[in-house]
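Remarks on the structure that follows.
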Amino acid sequence: MATTPTPADSVSIAPTAVSHQHQHQHPHLHHTGRRLRHFLRPDGRKVHIAGSPDEAEKLKRTLSVSEKEGTFDLVIHGTDEHIEALRDSHQWTEGRQRRMREEHGNVLDEFERVIRELDTLSEELHAVSQHAVQLDASFSKYGYSAHLRTRDSPEGSSNNSTYGDGASSIPESKADWDAERGHGQIMSFYKKPIVRQYFHKGLLWRAQEAQEVASYELFVDLLYVGIIAISGDNAAEHATGQSLLKFAITFILGWKFWSDISVLIAWFDSDDILRRFAVIWVLTCLLGFTTNMADFWEETYASLIGFYLAARLFMACAYVWHGYVIPMVRGAMIANAISVVVPSILWIGSIHVEEPNRQALIWIAIFFDLFGASIVVAWQRAGSWLNFSPRLLEWTKKRFEFFPGANIEHKIERTGAFVTLVFGYSVVALLYENNAAFGINAFFGKAVLGLLQAFAFNWLYFEIDSFNLHTHAIRRHVFSALTWMSIHLPFIMSFVISSAALSKLVLAHDTPNSDPETLYETYLPRSEEAISAGQRWFYCAGLGIALACMGVISKTHVYKTIPNQRLLKNKRLAVRFAVAIIFICLPLADGLNSLELIATTTGLVWVVLIVELLGSTCVHETFWNDCRGTCQYSAKCRVTKKELEASMKNGTVINVEDIAKREKEESGGIGGF
């Protein structure tokens, strides 16, 4: 005789995030953040729960086919019917529990205690085991890394969740309470800084909470709007080799101001007044640096470098101070301070050397400024290149056992913000004021073409190259991470110099229907009868280098492979590099006027964009239809068929870290992410 089903016999939960496939091993395991999908009433009828009215309609059509009429109820989550059904089943289950307690007594209490202990142990085992690493693979926006762990778990639990992008196993109510607890507190003048995330023995330990962009970080961006405009306009005004050299030096040094502030904020959490004062000091130095950029070649070089060194040496002192108050990362902080002091000595020496000999010291110092941190990271990793001295290798591992890291999401967001400033400058540089009754002329046409060009670059960088991303460059490999971070500087510099030259081309009256008298009086002196060869090279070569750098940035990522795709990513990138070469060679066609030059470059940029859009679609689908429902992506994993068969036969789980060891590329990013 079949027993009547009870509410406890059929309860289903649906994940709101990633589904854990190991429920069969721990059927009693409590999974937070999941929603009940159906349960049974005391009379045996199954209650199905829909999340929305639309889902209810779809579920109703499905159940009418699979279930007999009258054997189920359908309710919408959170409605009165849903609550009433839950209360009925809850009361019935409580009554059943009381009857069982009266019948079995202490045996039931012992059974419940064992279940609670088993739940606790199972959750902890799931958190720390390699099994969790294998199944909780964080295929997130920036790719999976088995070398990520989270810290600061509730009640001291060693929660080693591999959700590297901020997910945690804290119940939602507990996380909300922790967030609300911070409301109403005062801001102290000084708080002991905390390392946000750090590397330890190959694992990146991260705070569970997401790192938000501070308001003073956005304030720094506001100042850079002016810096980009001043440096670009000064270079394009007199497009010569010396102007390009001055632009490169000042822009690189200005970039270091920005990156220093970003590193200090990303590495350490210290939400106090002193942190704000530190940012104000760096911004003050940056402002002084900016006011001395225009004439630094002849008169203001000492002042320019003085403000730069004031900010850089302040950062060195900040590193030493953080190493003093946080002994865990003392070795890393001292090494970073040394990487600042060494080029500072060269900068001081360059003040006392005349041109052109000064350039040697300048560029050696720039090299150490740009790559000093990378040298420290290479030293910290202590690879096979230190095997010649076992004592040195052991000393390095001991001193750099803990190394601070930067949050990958924060790093990408801040870099994207800087790129946005550059694209914004390119749009602002196009603006002019018209003085004619009917202003549709060559000036307006060139401005529109420039706008289309900037929009296409923005589309390529922020959307096309982030579409179908499998693993971000920072998380892919050390070399790809360093390449991604390093290539952004020439990309931004070349686009700024190109945009500055474009602003001059827009106002040039070397084309038909471009009467300079139609310009407003403040723009009339800026309009030139012909564009110089230097402006052609600044515009075209800058645009070509920027496009090529974007191709390199895209190449550092790993993308999902979509079967039946019209053009694979590598072929689309080949088109991009070919167009970049055309841009660089385009100034040789000196017969093109400003309108023809801008029209040619804009057309080629949109060719690259259209190739990306068409090439990413499926072969059996038209461009006008959505093929996402039919396309699938595949990924390669070095697991043999015999290993899979043995795993299924023995009921074991293949460890993803063992697979990762076989790969030539090392997972986990660089000293920072």
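Just so you know, glycine gets a Cβ as well, placed from its N, Cα and C.
A quick note: this is a predicted structure, and the numbers were derived from the prediction, not measured.
What TrEMBL says about this one:
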- 148-170: region 'Disordered' (REGION)
- 277-294: transmembrane segment (TRANSMEM)
- 300-321: transmembrane segment (TRANSMEM)
- 328-348: transmembrane segment (TRANSMEM)
- 360-379: transmembrane segment (TRANSMEM)
- 415-432: transmembrane segment (TRANSMEM)
- 438-461: transmembrane segment (TRANSMEM)
- 482-502: transmembrane segment (TRANSMEM)
- 573-589: transmembrane segment (TRANSMEM)
- 595-615: transmembrane segment (TRANSMEM)
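Sequence-distant residue pairs (6 or more apart) of the transmembrane segment (415-432) and the transmembrane segment (438-461) include at least 3 whose Cβ atoms are under 8 Å, placing the two stretches in contact.
With a threshold of 8 Å between CB atoms, the same-chain residues lying at least 6 positions outside the transmembrane segment (438-461) that come near it are 419, 423, 426-427, 430-432, 495, 499, 502, 505-507, 509, 511-515, 518-519, 543, 546-547, 550, 553, 594-595, 598-599, 601-602, 605-606, 608-609, 612. Residues 216, 219-220, 223, 226-227, 230-231, 234, 250, 253-254, 257, 260-261, 264, 300, 303-304, 307-308, 310-311, 314-315, 318 of the same chain lie 6 or more positions beyond the ends of the transmembrane segment (277-294) yet place their CB under 8 Å from a CB of it.
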